[in-house]
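One structure below.
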Amino acid sequence: MAEPSFYIGVIGNVISVLVFLSPVETFWKIVKRRSTEEYKSLPYICTLLGSSLWTYYGIVTPGEYLVSTVNGFGAFVETIYVSLFLFYAPRHLKLNTIIVVAMLNVFFPIVAIVATRSAFEDEKMRSQSIGFISAGLNIIMYGSPLSAMKTVVTTKSVKYMPFWLSFFLFLNGAIWAVYASLQHDVFLLVPNGVGFVFGTMQLILYGIYRNAKPVGLSNGVSEIAQDEEEGLTSRAVPLLS
């Protein structure tokens, strides 16, 4: 009979897949409009970086195949997102985007993997070093919802902090934190514990301000700006572990 951590991990994989697929609507709009307009590529580029490193971590760490499979799927999906962004980006942004992609999605992962394999002969030390790097990136990215939370407090409006994105941040962090606890994996536990805390804070703010009278919102805020704010909130999640 499978260990409880296996079933928790499967549930986590399902949730993670849903989160990875959450930007599909955004990129469908980009394809239809044949332009990235005001959307930013960095959240997707960073998510691809994290997914790639977590995939490698899952491959070299015994018993973490659930981590490698879901992040492998995430890396594949994010590669499609980044490719679409590069294809439809305005000419003046295309070169800068290519440089960032080359640095973060090609150069950095190669250097990180080669450096850890060269520095450590022990496979456990290699996986721990990659886990440390990946966890650090996760913690940084999990902090991105703080800007949305600040907006909620200052405007007394949850318009730019969608409930379902906040809920999945909370749920994703909780499930993977439980999985990490069962696996005794601190590199998974710490960033997902942080994600769980931030998700909880967002749900609390949502409960406080969902019926509050908004203040300080501009009537001129565009649909693209709203989409972008939602996108930045969601991109805190897919650096999954």
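From the backbone N, Cα and C atoms, a Cβ is placed for every residue, glycine too.
Note: TrEMBL annotation is automatic and uncurated.
Database features, via TrEMBL:
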- 6-30: transmembrane segment (TRANSMEM)
- 42-59: transmembrane segment (TRANSMEM)
- 65-88: transmembrane segment (TRANSMEM)
- 95-116: transmembrane segment (TRANSMEM)
- 128-148: transmembrane segment (TRANSMEM)
- 160-180: transmembrane segment (TRANSMEM)
- 186-209: transmembrane segment (TRANSMEM)
Looking at the transmembrane segment (6-30) and the transmembrane segment (160-180), are there 3+ C-beta pairs under 8 A, with each pair at least 6 apart in sequence?
yes
Tell me if the transmembrane segment (42-59) touches the transmembrane segment (95-116). I count contact as 3 or more CB pairs below 8 A, with pairs 6 or more residues apart.
yes
Determine which residues of the chain contact the transmembrane segment (186-209) at the Cβ level, with the cut-off under 8 Å and only residues 6 or more beyond its ends counted.
57, 67, 128, 131-132, 134-135, 138-139, 142-143, 145-146, 148-149, 152-153, 156-158, 161, 163, 166-174, 176-177, 179-180, 236-237, 239, 241
